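Among the features that TrEMBL reports, active site, proton acceptor is placed at ASP243. As annotated by TrEMBL, ATP binding site applies to GLY84, GLY86, ARG87, LYS107, ASP119, GLY120, ARG171, ARG178, ASP253. Here TrEMBL flags ASN244, ASP253 as Mg(2+) binding site.
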Amino acid sequence: MHIPFDNSYATLPDGFYSRLDPTSVAAPKLLAFNKDLASLLRIEVGDLTEVADVFGGNDVPQNAAPLAQLYAGHQFGSFNPQLGDGRAILLGEVIGTDGLRRDIQLKGSGPTPYSRMGDGRAWLGPVLREYVVSEAMHALGIPTTRALAAVSTGEQIWREQGALPGAVLTRVARSHLRVGTFQVFAHRGEVENLKTLTNYAIQRHYPEAKGPMDLLRAVCAAQADLVTRWMSVGFIHGVMNTDNCAISGETIDYGPCAFMDAFHQNRVFSSIDQQGRYAFGNQPGIAVWNMAQFATSLMQTFEDRNAAVEEATEIIHAMPQMLEDGWLKRFAAKIGIAEPAKADTPLIEELLGLMQTDGADFTNTFRALGGANARDQFTNREAFDAWAAKWQQRTSSDTARETLMRSVNPAVIPRNHRIEQMIEAAVAGDMAPFERLMTALKTPFSETDADLARPPTETEIVPATFCGT
Ligand SMILES: Nc1ncnc2c1ncn2[C@@H]1O[C@H](COP(=O)(O)OP(=O)(O)OP(=O)(O)O)[C@@H](O)[C@H]1O
């Protein structure tokens, strides 16, 4: 196998990362490999045993520059001055056939100087969850880190549930720079390092930005766009800490995430989110909060702090409107309105209100609006009829409307109960449910597998996702 590494992190400040190799595992076995992504990254694949050795962490490929990155972060609102890759090692960077630079990182590849109390490992469940959900997000057209490989280690690891099979995920990202990467240097008052990092982030992600203020503006826009896209497919990230907020605007960290079945604004999946901080409807507010933390970190790079604070405040204060506009654009498209006006907001909110009262399935209700059976999604059908009459007044049914709706309302999403069933099967050595999910989720806007589009039955419902790392 040949990976055409082109590494750039070495230009970053001293102390930005620790160089170390992944820790070898007992018996690496390739469970999944993303050939399309490998081609995009110009990776030449030969023998699959070699692929398992590299992505299991046993064989460090030529020209790799393995390292663990340092970062800090606000976790559920409390600042942790030092986190860092406690179980991830970045092998290096490549420039794809699309000209874009990306990191290749192993997650679950052994302890690092940032592991704190952790074992540096991941178990098979979260590895396959991240593989499936991140690739599903990509197919939905939502910016995300991607999955290149999943390797089982042949080792057992210990978690609350007992002994579990270990695995390593190979993750690909436009970069692993997070808000927390800036926070660590800001917290330490290392202004020169902060400036170098800022310049690096600008060059890598937003080369048109003229300085830190433009960077802030660009990241705010990217995060606002990302969150409205998540919401438009009923996605709950679950752990929007500042260390899980990527500067690139990609979705990162699929720990306790989930797609909603029955719609509710306050829906929470993460078992550790007791207060509902990261509930579905809170995500826009949290994105603003995270950007305020990013802005705070950047302030030390300015000579005239007072003027900078004033300008940054304006940028942050403009974000709620950006989120509202993005939300309106995406949800209007879901009901077939290509060019919405502010006056369309109540129409959308009324539908969501009816869905919430009836516990209607988020994905299937919107998908059915493009067909004849949306009414069947509701128990209070009269209320739906009254809404539909207003909807028909606003936008009449025609091919353009149907085409728009079918292009933004997926037929299939990675439902939580399917993920859980897939993990259970994989633990027992059966990868067929994984393959089936991957096949259907590649084309989420076409009805290829009706059974995967079905919401969970009462007994299938999975009420919470556990970080269960
Ligand atoms: N088993 C583990 N061993 C060592 N460190 C860990 C382990 N699990 C999590 N961590 C560390 O705890 C912090 C928070 O964990 P979190 O679950 O948000 O991240 P993650 O899923 O490991 O990584 P990422 O954010 O890169 O997807 C991170 O610094 C992470 O590296």
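Backbone N, Cα and C define each Cβ position, glycine as well.
Whatever TrEMBL says is automated annotation, not expert-curated.
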Of GLY84, ARG87, ASP119, ASP253, which is closest to ASN244 (Mg(2+) binding site) if I measure between C-alpha atoms? They're all binding-site residues. ASP253
Just to verify a number: CA distance, ASP253 (ATP binding site) to ASP243 (active site, proton acceptor), in angstrom, no decimals. 9
From the Cα of ARG171 (ATP binding site) across to the Cα of ASP243 (active site, proton acceptor), what is the distance in angstrom? 16
Span of the recorded ATP site, as the biggest CA-CA distance among GLY84, GLY86, ARG87, LYS107, ASP119, GLY120, ARG171, ARG178, ASP253 in Å, is 23
Based on Cβ atoms within 10 Å, give me the single least packed residue among the binding-site residues ARG87, ARG171. ARG87
Specify the secondary structure state of ASP119 (ATP binding site) as given by DSSP, simplified to three classes. coil
